[in-house]
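Have a look at this one.
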Amino acid sequence: MANSSIVALLLLFVIASSVNGGDQEYPNQYLTEALGDKEWLVSVRRQIHENPELLFELHKTSALIRRELDELGVSYSYPVAKTGIVAQIGSGYPPVVALRADMDALPLQELVEWDHKSKIDGKMHACGHDSHTTMLLGAAKLLSKRKRMLNGTVRLLFQPAEEGGAGAFHMIKEGALGDSEAIFGMHVHTGLPTGELATISGPALASTSIFSVRMSGKSPASSETYSCVDPVLAASSTILALQLIISREVDPLLSHVLSVTFMKSGGSEFDVIPAYVEFGGTLRSLTTNGINWLIKRLKEVVEGQAEVQRCKADIDMHEDDHPMYPATVNDHKLHEFTEKVLKLLLGPEKVKPANKVMAGEDFAFYQQKIPGYYIGIGIRNEEIGSVRSVHSPYFFLDENVLPIGSATFAALAEMYLQEHQNQTKSGD
């Protein structure tokens, strides 16, 4: 469907549904205003896309966001977690709800040829975080216009380092959540057409961890193999033994993954057995307990095989540079609330059930502190080539999603405050 057709259909839906009034007032008004902001949203997103930055080094991205917040008259705290931003809109009093967007790009070379491709070699917004950031800025603009009508406070978290740096953990550590009672986030989804959203209650995304192992032996010439301690054989037998964990120790109805993704030796000579071999990979489970069990068994198998093979094994779980991400588990009450808001916003036919996915997401760190909900927002548009999966150098985003995401964020926040204002008063 062409871009103009999608926008036209959304406008028709807003006009047709506005006659119902009641709870639909907020969503309809937000969607109408967001569609009017589309040109600005596209401009912001393209500026971010052209200048991708990695992990915590988001200086240009952060400066752009702060400039836009200043223009909107929205107050904020900076820096949080090095280059993160926490903005605040509303009364300054409870109830408090948080909205989160990740900002960082990926170390990929963009291979899509278009006027606004990445200007930085080897860096690309291939996971849609530029759009998430833009949607949250769009929500800030929408909410700032209604700040005197907000029945509480909205905190907007612009977070660095989702891609492996556990930026959410560091944002929490530096007080980004404040008094927030709940948090919402979203991610673009190429499996859904633009204009549709996906929801799920309970486990949604996997707990993930990476590991690397160095097995050290004794390296004589290959003509004296009787005197060596061979790390090649030791590593090979260890890798095979690790595969038995999934096939022989885990219920096949449970979602566990253990993948060895690389192996390399400490030498390249044809006639010398290397002194060491390194290998590593990833662990995944739909529960945090599951990943902890996998880590425990990984260590037991590696250490046991090393002892059998007379090698020394050093295991690195990369807790400092790439800590384990908990499982993303959507709160059931927030699931019911979110589905209600999304159906008011776009219509029941646009809200689809999401599938569980074995990807990891550091949004889960927030969910360990307060109830949270993570939404998939569709961007599939075959006519313009918005079909490639995230983390592809050919990833291309349908920018029609930007006003939809902005309105979604804003509607969730205002309606959450509206519903929980009465609870806060009754608890006083």
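Note that Cβ sites are derived from N, Cα and C of the backbone, with glycine treated the same way.
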According to Swiss-Prot, Cys127, His129 bind Mn(2+) 2; which one of His116, His170, His187 is listed for that same site?
His187
Using CB atoms and a 10 A radius, I'd like the single residue among the binding-site residues His187, His391 with the highest neighbour count.
His187
If you compare CA-to-CA distances from His187 (Mn(2+) 2 binding site) to each of the binding-site residues Cys127, Glu163, His391, which comes out shortest?
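Nearest listed residue in space: Cys127.
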Same-chain residues six or more away whose CB lies under 8 A from the CB of His129 (Mn(2+) 2 binding site)?
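Long-range Cβ contacts: Ala101, Asp102, Met103, Asp104, Ala105, Glu162.
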Look up His187 (Mn(2+) 2 binding site) in the DSSP assignment and report helix, strand or coil.
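Reduced to three states, the DSSP call for His187 (Mn(2+) 2 binding site) is strand.
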Which residues in the same chain, at least 6 apart in sequence, have a Cβ under 8 Å from the Cβ of Glu163 (Mn(2+) 1 binding site)?
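In sequence order, Leu54, Leu55, Asp102, Asp104, Ala105, Leu106, Cys127 meet the Cβ cut-off.
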